Amino acid sequence: MMNGGNLVDNDSAVAGGVEDMYGEDIATMGQPVTPWTVSVASGYTLMRDPRHNKGVAFTERERDAHYLRGLLPPIVLSQELQEKRIMHMLRQYKVPLQRYMAMMDLQERNERLFYKLLIDNVEELLPVVYTPTVGEACQKYGSIFRRPQGLYISLKEKGKILEVLKNWPERSVQVIVVTDGERILGLGDLGCQGMGIPVGKLSLYTALGGVRPSADGFLQCLPITIDVGTNNEKLLNDEFYIGLRQRRATGQEYDELLHEFMSAVKQNYGEKVLIQFEDFANHNAFELLARYSSSHLVFNDDIQAGTGIAELIALEMSKQTGNPIEENRKKIWLVDSKGLIVNSRKHSLQHFKKPWAHEHEPVSKLVDAVKAIKPTVLIGTSGVGKQFTREVVEAMASINEKPLIMALSNPTSQAECTAEEAYTWSEGRAIFASGSPFDPFEYDGKVFVPGQANNAYIFPGFGLGVIMSGAIRVHDDMLLAASEALAAQVTEEHFKKGLIYPPFSDIRKISANIAAKVAAKAYELGLASHLPQPEDLVKYAESCMYSPVYRTYR
């Protein structure tokens, strides 16, 4: 409904991406709501329901009304004090994986407190629930596994995938993040244990983008791992490995399973469920995106951010200059494991690299390519650490007064160089950003604050924009709109500090602006189905965002 100042559209289910079945969104924050599960939850059941549990924050009246007397200590704490206590506990842990496990435990018992903690302490906790710690969590997932946080679809379920999807209790899923675990961050094939990535990403859809996490206590955002085996011998020989103990299926067997999955998702959840392909190996990632982008609402920010980064830069250059994209591509050079991508290699290149093969003599080493091409910006997305050596950074610094160096590979161990290395080797002149966070670094009496070039800036707001517009397809111009919206949030003050990204502390404001621009582009392209278009898309995005503040129960 758009009248009366109410911006929640119950019919099109855009209130944070979820149909408001029980009136939580149309109730003001001060109005009481009923804690429904299948029936009205009370007593021990209410405390074991993560969507409604408030722990010792249940009021005296709620304890009487919902049979909680004696099940809790007599003290009543505010949500803010609970948050303070848990942050104090987390800071006692010296091992990042312990913090990760504590946060996952909190998410499983008190959903609102988990998200409030993450939103209010995003710069401190983002590295815990996402990169780099999630990489270690995936490596050890078999040992730390406690309860399923998403769906596992393996070759055993071939021919029954629709039934498996129906086993998930939630029927109104709006966002799916799916992986086959073959290329987890820069860590390689982790098979079934790659589930940590979809789980982590979907937490950020809610915390950073405001997409509602659940209805009826189950995830509105659904993490899925497709298990076709693993080629990781260490995992195959690990007695605690939780996936299929076989080498990866390929070819027709793989294609048929993925096609059944994509068809079942559309049949079960409709064509407006957003599917994010995550951490598939390149040989499958490009093929899946090409195959399903015209029939499903899909995107992949790994490859639409690898060679995709190059393509989006070329598109933006065309938009600003009016020059053909082919001309702009010639100003962007790529280097892979075999060296500079040039025309003489074209016959052996993968198809997605061919547009970037330019006329130049072969160059095998990155440092020699830097010296020959003389770039102003160096972007690393290979997933292979330590590629930006001292010689490479010094070469960049000899060419540019302020070289822009972006070491984007995750986790931290796979970063192309560290912040300290970039600042030291460039004698404090580099503008540096990385995929995983680095601490501030002092050089020659000046403190440098590294930027974090993390896709967490983009995909949560992007997802919200897609959902609130009811987009039926993802177009490259929507990704470009998201990038432009992020860039617009960077101020002159940020530039003066050597920052090329706004602080994560402003992420919800950033996400609202990104969502608005993405939605606007969807409406412009005729891809939006939620009509009419709201007059103020930023305010509309903010109104759709999930709030983790405790509700008062009748």
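Numbers here mean position along the shown chain, with the first residue as 1.
Each Cβ is built from the backbone N, Cα and C atoms, and glycine gets one as well.
The domain 'Malic enzyme N-terminal' annotation in TrEMBL covers 107-293.
Packing around TYR130 (active site, proton donor) is summarised by its Cβ count: 27 other Cβ atoms lie within 10 angstroms of its Cβ, all protein chains included. The active site, proton donor annotation in TrEMBL covers TYR130.
Among the features that TrEMBL reports, (S)-malate binding site is placed at ARG183, ASN410, ASN454. Over all protein chains present, the Cβ of ASN454 ((S)-malate binding site) has 22 other Cβ atoms lying within 10 Å.
According to TrEMBL, the feature active site, proton acceptor maps to LYS201.
Among the features that TrEMBL reports, divalent metal cation binding site is placed at GLU278, ASP279, ASP302. Sequence-distant contacts (6 or more apart, same chain, Cβ under 8 Å) of ASP302 (divalent metal cation binding site) comprise ARG183, PHE277, GLU278, ASP279, PHE280, ALA285.
Summarising the annotation, TrEMBL assigns domain 'Malic enzyme NAD-binding' to 288-523.
For TYR130 (active site, proton donor) paired with LYS201 (active site, proton acceptor), the C-alpha to C-alpha distance reads 7 Å. In sequence order, THR131, PRO132, GLY135, LEU185, GLY186, GLY383, GLY435, SER436 make up the list of same-chain residues 6 or more apart from ASN410 ((S)-malate binding site) whose Cβ falls under 8 Å from its Cβ. Across the structure, LYS201 (active site, proton acceptor) and ASN454 ((S)-malate binding site) place their CA atoms 12 angstrom apart. Listed recorded positions: ARG183, LYS201. The one with the lowest count of other Cβ atoms within 10 Å of its Cβ is ARG183.
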